[in-house]
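Worksheet: the structure to be examined is printed underneath.
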Amino acid sequence: MSVVILDFGSQFTRLIARRLRELGAYSVILPGTASLERIAQENPQGIVLSGGPSSVYDANAPRPAPGVLDLDVPILGVCYGMQFLAHEAGGAVQRAGKREYGKADLTRYGGQLFAGIQGEFVAWMSHSDSVTQLPQGYEVIAATEDTPVAGIENTVTRRYGVQFHPEVVHTPKGGQLLANFLEICGVARDWNAEHIVDELIEDVRRQVGAGRVLLAISGGVDSSTLGLLLARAIGDRLTAVFIDHGLLRLGEREQVEAALRPLGVNLVTVDASEEFLGALAGVSDPEQKRKIIGREFIRAFEREARKYGPFDFLAQGTLYPDVIESAGGEGAANIKSHHNVGGLPEDLAFKLVEPFRTLFKDEVREIARLLGLPDAIRMRHPFPGPGLAIRCLGEVTREKLDILKRVDDIFISGLREFGLYDGCSQALAVLTPIQSVGVMGDERTYSYTAALRAVTTDDFMTAEWARLPYEFLATMSNRIVNQVHEINRVVYDITGKPPATIEWE
């Protein structure tokens, strides 16, 4: 049983799925044109038609497959989805006299979708078309000053629509509205971490049988959690390989070992730093660095696979957003290969096991909590596959990495100490190749400049630079130049994404 979300191109479609899951209902995203047969495979108890950039009156406007609107389940249309419901039922949709973008107050609201909601209702609008004539059987259930039809319902056919985005945080009571839709659908709201873990373990055991599984551990939350889940499901038939390429943060290898081994993960750690740093010698171009690191990882991983094999399966931490991004027109997914293991030779062509392919990142973090993964790893900020190589601008050397590791450790430890870490989506230190004149005591210095960066974001597609307190930044600068003598200048990056990327390389 699920709620199927048909995606017509809205940037917020994933948020709809996440909000419904947070409310305890399993939800699945399919292309807006998914066939009736494909939708039926999900056994839907409700359907959501997402927003999108198209206009329903255009000849090439996307539309659900024939028969979808005839299904005997409640349907909620959001923005474009509402306009489509109205248009298909005989109503009129036209270019709005005044476009609405941003927050708007509902001047009135009611009906089944708004049951139990009281007080001011702020909604996030983003539309240039409006329903100008209601189809037969529908009633207006919401309006704003500029949009007289901001919500519609037909309680007989159980068709509902809103001309705003209930899934975004800018619609504070949107969660209550979505919960009301789930009540209308009669969905069993039993989708929770405990339920997920039990199902995943059974699925793994069923798929793997008596086979052996190989997993690459990066030290991040996804692969670490996957290691714990697989260890619980199949025990020592899992071999997890952690490649230390010398580009990790200070103490990271020891932290991963201390977190996973006591919890039963059969973990193999490999020090391949000499190979990686040797291959990176003299290389300054960031794209070249990435390619070299990817190549060396494959070599090291292949060597360990042959050493501890044979294996029947390769486990990957593919997440649901990866599946959505690579889905074809009928929802068939060609899953992206994990950046670390996508180039293995054909004779190591394992079958894939991807237990997290239907999960979002926040669901994986909750599973990690249940499985006992320490918060230091579970709530860790994202860390790039190439590691510190792309935060050490220019050529990568052991000496420069040692400097960067100490700067990064001071910054990240400081964020935790001051209670600022969890308020940032990602924080990092960069060692620049810039050297400048300074004064330490009575002596002239000519040392490196370190850059600190912290951002806040919901999706990492765009990001704001974090407004960290001046006192904190002053403290970090003071600690860094006093404890890392190779640094005599610290700068803070105040550039958003765009125009910059989060990482410097």
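Cβ coordinates come from backbone N, Cα and C, glycine included.
Taken verbatim from Swiss-Prot:
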type	residues	note
ACT_SITE	C79	active site, nucleophile
ACT_SITE	H165	active site
ACT_SITE	E167	active site
BINDING	S218, G219, G220, V221, D222, S223, S224	ATP binding site
DOMAIN	2-190	domain 'Glutamine amidotransferase type-1'
DOMAIN	191-380	domain 'GMPS ATP-PPase'
For V221 (ATP binding site), the nonlocal same-chain Cβ neighbours (under 8 Å, six or more residues apart) come out as K361, V364, R365, A368, L373, I377, R378, M379, R380
Chain-internal residues near S224 (ATP binding site), provided their CB is under 8 angstroms and they sit 6+ positions away: I217, S218, V256, A259, L260, A368, L373, I377
Provide, as an integer number of angstrom, the distance between the C-alpha atoms of E167 (active site) and G219 (ATP binding site). 32
Across the recorded positions (E167, D222), the Cβ with the fewest other Cβ atoms inside 10 Å is that of D222
Around the ATP site formed by S218, G219, G220, V221, D222, S223, S224, list the extra residues of the same chain whose Cβ is within 8 Å of the site's Cβ centroid. I217, T225, L226, G317, I377
Helix, strand or coil for G220 (ATP binding site)? Use DSSP. coil
Mind giving me a neighbour count for H165 (active site)? Other Cβ atoms within 10 Å of its Cβ, every protein chain shown. 24
Taking only C-alpha atoms and a 10 A limit, tell me which of C79, G219, D222, S223 are near H165 (active site). These are the recorded positions. C79
Would you kindly give the Cα-Cα distance separating C79 (active site, nucleophile) and S223 (ATP binding site), rounded to the nearest Å? 37
Cβ neighbour count within 10 Å of S223 (ATP binding site): 22
Cβ-Cβ neighbours of G220 (ATP binding site) (radius 10 Å): 17
With Cβ-Cβ distance below 8 Å and at least 6 positions apart along the chain, what are the contacts of the residue listed as 'active site, nucleophile'? List them in sequence order. S10, S50, G51, G52, S126, H127, V162, Q163, F164, H165
CB within-chain contacts under 8 A for G219 (ATP binding site), separation at least 6: F242, L248, E252, R253, Q255, V256, I377, F383
Which whole-number mean pLDDT does the model give the domain 'Glutamine amidotransferase type-1' (2-190)? 92
